[in-house]
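Sequence annotations record features per position, and here Swiss-Prot assigns domain 'KARI N-terminal Rossmann' to 2-182 based on sequence analysis. Annotation source Swiss-Prot lists NADP(+) binding site at TYR25, GLY26, SER27, GLN28, SER51, SER53, ASP83, GLU84, PHE85, GLN86, GLY134, citing sequence analysis. Residues or ranges marked as active site in Swiss-Prot: HIS108. As annotated by Swiss-Prot, domain 'KARI C-terminal knotted' applies to 183-328, with the evidence given as sequence analysis. Positions annotated as Mg(2+) 2 binding site by Swiss-Prot, on the basis of sequence analysis: ASP191, GLU227, GLU231. The annotation Mg(2+) 1 binding site is assigned in Swiss-Prot to ASP191, GLU195. Swiss-Prot lists SER252 with the feature substrate binding site.
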Amino acid sequence: MTQLFYDTDADLSLLNKKTIAIIGYGSQGHAHALNLKDSGMDVIVGLYKGSKSEGKAVSDGLKVFSVSEACEKADWIMILLPDEFQKDVYLKEIEPNLKEGKILSFAHGFNIRFGLIKPPSFVDVVMIAPKGPGHTVRWEYQNGQGVPALFAVEQDSSGNARSLAMAYAKGIGGTRAGILETNFKEETETDLFGEQAVLCGGLSELVKSGFETLVEAGYQPELAYFECLHEVKLIVDLMVKGGLSQMRDSISNTAEYGDYVSGKRLINSDTKKEMQKILKDIQDGTFAKNFVEECDKNKPLMTKLREENSKHEIEKVGKGLRSMFSWLK
């Protein structure tokens, strides 16, 4: 059984007298910065000139500097920028300000795992990755709770990188819920696979195909939307709360029987083989190479696909139906 670590396992005092620079002030950035600040840490924010987030960070009581200035002042640098921007910002603004004894950290291992960022040997390189969106990380912390997190050490120059990573996880509230140790390779590959095969790619295509099947068979698009998209959350909430078994305990016998006899007709050995191919593309760097090349070209394919998907009938139907639900407004 994988070991989880909690508040008593981490020493927050290891962060005392360290200036922590949060690079980026988006969903995760604001949560990390404010949680660390409320934990008594010295936190500054690094943003590019003219960033729309500067005013928000200042109003939240944080000192804002350019990325270069923040990294020069900091003992600990947490990069919370989108994956595709990290390499360029690192080379221009962060790397020139790295000195022996500094800690370089990430919330996702993409750029380290695929060699886009290659830190010098004289810094610690760690990861602290909350398993929830930034607003949840902040909300749970403010309510005396926390969001579970992963932590990992890629490079231990100081000999104390593991304890430092655990201390940071405690500072953002992770050890209140429990933190799990991993490595950059495992975190990156499982995260990308989950997004592509199940959570985003797999689920999106499943929902669209179900919707299309019903509409093409002559059923009302609104009913198809309810059955194939709207009710996904109801089932997923049951799964998250108690696993597949509790979900099946909560649905009708008709639905449960249909689950068992029809599910494997759809998700079968052929589907699993495609999943294995997706995983292989992630493991051997094919996906990362393609994504980097796409970003270098200013995302033409991604922009095209985004536009095409936004015009799908399910989007038009959903826009009208969502106005019915007061809790979504």
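Cβ from N, Cα, C; glycine included.
Projection of Swiss-Prot feature records onto the structure.
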residue	record	contacts (Cβ under 8 Å, 6+ apart)
TYR25	NADP(+) binding site	ALA33, VAL45, LEU47, SER51, SER53, GLU54, LYS56, ALA57, LEU80
SER27	NADP(+) binding site	PRO133, GLY134, HIS135
ASP83	NADP(+) binding site	HIS108, PHE110, ASN111, PHE291
PHE85	NADP(+) binding site	none
ASP191	Mg(2+) 2 binding site	HIS108, GLY109
GLU195	Mg(2+) 1 binding site	GLY201
GLU231	Mg(2+) 2 binding site	none
SER252	substrate binding site	none
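Counting residue by residue with DSSP, the domain 'KARI C-terminal knotted' (183-328) contains 127 helix, 0 strand, 19 coil.
Each of the binding-site residues GLY134, GLU227 was scored by the other Cβ atoms within 10 Å of its Cβ; the lowest score goes to GLU227. Most buried of the recorded positions SER51, HIS108, judged by other Cβ atoms within 10 Å, is HIS108.
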